[in-house]
Every structure is written in C-alpha cells, then in structure tokens.
Amino acid sequence: MLEKPELLQLTYDRVNSPEPKSYCCLKLEVLQLKSSYNALLFCLTPSVLCYSRSPNKTEFIKAKYQMLAFVHRMPCRDDDSFTAKDLSKQLHSSVRTGNLETCLRLLSLGAQANFFDPEKGNTPLHVAAKAGQVSQAELLTVYGADPGAPDSNAKTPINYARQAGYHDLADRLVEIQYELTDRLAFYLCGRKPNHKNGQHFIVPQMADSSLDLSELAKAAKKKLQSLSNHLFEELAMDVFDEVDRRETDAVWLATQNHSTLVTETTVVPFLPVNPEYSSTRNQGRQKLARFNAHEFATLVIDILSDSKRRQLGNSMISPKENVELILKSRSGGEGLDNDQPDYDSVASDEDTDKEPPSGKDRTKSLDSDLSDGPVTVQEFLEVKNALSASEAKIQQLMKVNSNLSDELRLMQKKASKLDKQSSMPDSDYDNTTNDYEMKDSGRRGRLRSSGWLGEGSSIPELDDLGAEPDPALPSTEDVIRKTEQITKNIQELLRAAQENKHDSFIPCSERIYVAVTEMAALFPKRPHSEMVRGPLRLLTSSSFRLQGECRKAAPPEEGPGPDMQLVTQQVIQCAYDIAKAAKQLVTITTKENSN
C-alpha cells in the first residue's frame, strides 16, 4: 500500500511526465489507495474513529456500515412486516403533499392504505383529509382506505375534512363510504340516497313477500345476520360484482340476436373465476347467476337491510322506522309489478316481541342516521316520507276495496242466476258453470296483475264456490301444445326487442299472458305436489311481471322517458323465466304420465 508522502511524489512525477498514459495510471493508483483506506476503516472499531463522548455517532456508524439500515431495499414479500411497516410510515408522511407519484410508488411496493400509526393515532386518509388533498384521498380509497375509520380521538376523515372547511372532499368521502349500498339500491329502484340531507340508506321492500315469509327464508336471513363482518363483506362484494355483470349483460343483450335465448343452446353467463379467491368462493360467485330476478332482488334487499343494521350497530331494525318504502313507478301507476313495493313488510316474530322504542331512543337513532344536517330538517324529511308512503298506501287500499266490491256484486248476480237456473237440464247447467269459471279465472288474473294478490293468494269466496281440485295432471300433448304457443309468442317479443320495436311490447305481453293463463288452466287449482306448484307459480308470476315491464316501455305523457336498455333486459329476463317454467312443467307432466 502506498504511503501518503510517496503518493504526493508520484502525483508530482505523473503530472510533469510527457507520457499520455500517466494520468490514467495516476487515477488507477488513487482508486487503489481509496479502496485500501475503506478496508482500514471497516477494520477499525467505532471507538477509534469517534472521539466524541456522545453515543449517537457510534450508534449511527454501526447502523449505517454494519447493519446497512439505510440501504434502499427492493419490494419485499408479504411476510416481511418490517419493510411494509416502514413503507406505510413513509406513505403516512407523504399524503399531506400533492405528490401522487411518490404515494403511488409506495402503495405499489406494499404500503398499507389503512395503516394506523400508533404514535400519531390516525391513518393516512386522516392526514390527507385534514390537508385537503382530494387526489390523495381518491388514491387511498382506490387501494382500500376506509373513510369511516376512526382515529385515536374517535374522529373519521370525514370529520376532519369538514372541520378544515373542505366540504366537497367530505361529501366525496361520504359517497365513497356508501358506494356499495348506493349501487345496490340503484339497481333495485333506480334511486340513490341523498347523503347531503342525511339519508344514507334506501332499503326497498318486495311487493309480493309470500316467499319471504317461509321458514327457509327466515333461516337464511338468520344465517346472513350471523355472518362475521369479514364474511359479510365478501358476500356483499360478490353481489356487487354480480350486479355489475347483470348490467353489463343487459347492454350486451341489446346488441345481440334474442331469438335464441329460449333454446337448448342458451348458456347463462356468470362471473369469471378469480385466481385470488378460493374455489368455494368462486363457485358461490358463479351460482349467483342462477338466481332469477325475484330471488336476486330478495338477496340484495337482505344485504341492504343487514348492512344498515351493522352500520348503525343495532341488534334489530324496526321496519317502520328504518325501511323506506320505495314505489317504482317510472312510467305510471299501472306499471307496478310483483317486484315493486305496495305495502309495508309484516314484522317477524322477533319484531313483535320487541318493545317499541321510546321517543328518546327514536330520536337517538335518527341522529345517528341523519348526523349531517340539523334536527329540524331531519324530522321534516322523516314526516314527509312517512306521509307520502301513507297517502300512496291509502289510495291503493281504496282501489283494492273498490275492486273487491265489484267482485262481490258480480258474485251476488251469479249466485242469483244460478238459483234461477237450478231447474234447467244438466247440460245447460254445466255450460253455465264452465262459463262462470272462465270469467272467474279472468277476474282472478286481473286482481293478481294489479299487484294485490300474490302468487299463492286466492279469493276465499271464489274458492268456496269451486269444486274440489282435481289431482290428475293434464296430458303431455296438451302441455306441449300450450308450451309451443308460449314459445312462439316469446320469440315474437324477443324479435321486437331486437328490432327496437318497443311499441310492440304490450301486445306481445298480452298474448303471452293469455297463453300462460290457458296453460295454467290445464293444471289443478291447488296441486298437491310442490314440483308442480313451484314452476306453476313461477310461470304465472313471471307473466304478471312481464306485463308490468312491458308497460314501462310506453312513452310517458310528460317527463323523461324510461331507460329502454334496462327495460329490455328486464323483459328478456321475465321471458326467460316463463320459458324455463314452461319447460319444467313439460318435463314433469311427461315423467308423471309415463309412470
């Protein structure tokens, strides 16, 4: 190793030397000398190098040269918690600035958007909201930051944004917090809650809740309520993806040939396999596509109801206080079908056992749900919504009362006519009875189509006049002939949808309804087998829903027109359910008659 005096002499000789390679040799020898000094520095102990009595320098030199604590590391694996924590702390410090590139790089390297700093007692979203960084808040929420997460002072990022005067940012964070429930509510009833007025949830109710009152449905709701928050979040995410798939499928169906939807080659689309999920979850996600419109709407309503219960922290939600009655009448009152709410839901056994909340509890629940506006506005909106729902229900009850009065007068006339014809021959009497039964079934269909008779409902007076049900099933040939007629009418409807002839929806739906009524008349009024009752109920209820959806296609007298793509998708779904039920009835009658 060259000593320092020798190096100076060598430098002087090289500079004065006329050879061109002297400078290169000098540079090489200087590098060798530097390497030798580094080796010597590494061998010496910190006590030799640091003459200061302060231990900070010693610790710094050990951390820098021995532990290599300040060397830049590459992206780590998921199990390296130390590096992820360090990246999250860097993200915590960077979100208060407008440098999106740095935060995006940290997030891509593994920083946690919901990292809770124990020293500062908050998350990165709290810092970004307090600083008014809108872009940083959007980036953090894309990576999973929770706008409703509290800090050590029990304040959310929304509270900090409002305190700092960033009201637009606070409103945006509220929209992000309720994005999932807003999307599900909009899918059902075409409306979103008004968060600025303090309304955060819309929970529609099904008009025909006969299926919801079964023991199986009650058990399913209890299982849904017993799920942990993590499993419930996964289920809600899967339903959210299924809603997006169905809406995308509606756009796709608007550009395709619909004449083959009821053939044997039809394949029901479903969510693709996600390699990050387990096989069990992927199978459950794909099974969501097998739900018809009524079943899927019931599942979405249950998720909305339980989401509100979990958000508010209530053990049980009173349907009259927290469930808003939504009347989906986009094209008039006659467009209501079985998926639209006509009346309040019936309280379950658990609801009746619970005492009604007092005035203080009720005010407290309202304050928790409507915490963004003054109390007077909240009470005004609540009373206004309740009054509107009550008036709508009163009008519909008056309409049903009028219909029942008309039916009663008709039955009285028929009864007096039957008394007068009691002395006539048997053949004439039989013809009169058959004619009465045909008109009777027509009136029953009109009552059900108005939305006030469910799938399993019946008029007691008419059932008492009728004879005992015939348990025998119709012949296979008759069922096939009626099914072919239904299929032909469905193909005409789908052809009209393909050619955008929306004015043909109502005539086509009427023909389908007549064909379905004729096919349903072949079967007993009250079949004993559940295998027959299920498809028959699906057949008739889908025809009622089809009429309601087709009426929505008619242009309104005033106001904006309906979303024709959504209407077309619902019409096609109803037609598919009708064809599916008809096929099941053909299969059942063929199997039973062959035995």
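Each Cβ is built from the backbone N, Cα and C atoms, and glycine gets one as well.
Residues 88, 91-92, 95-98, 100, 103-104, 107, 113-114, 158, 160-161, 163-164, 166, 168-170, 172-174, 176-177 of the same chain lie 6+ residues outside the repeat 'ANK' (120-152) yet bring a C-beta within less than 8 angstroms of a C-beta in it. According to TrEMBL, the feature repeat 'ANK' maps to 120-152.
According to TrEMBL, the feature domain 'GIT Spa2 homology (SHD)' maps to 220-250 (among others). Residues belonging to the domain 'GIT Spa2 homology (SHD)' (220-250) score a mean pLDDT of 89 in the model.
Feature annotation from TrEMBL assigns domain 'GIT Spa2 homology (SHD)' to 284-314 (among others).
Summarising the annotation, TrEMBL assigns region 'Disordered' to 330-372 (among others).
Summarising the annotation, TrEMBL assigns compositional bias 'Acidic residues' to 336-353.
Residues or ranges marked as compositional bias 'Basic and acidic residues' by TrEMBL: 354-367.
Look at TrEMBL and you will find 413-468 (among others) tagged as region 'Disordered'.
What TrEMBL records for 421-435 is compositional bias 'Polar residues'.
Residues annotated as compositional bias 'Low complexity' in TrEMBL: 448-458.
Sorting the repeat 'ANK' (120-152) by DSSP state (H, G, I as helix; E, B as strand; all else coil) yields 17 helix, 1 strand, 15 coil.
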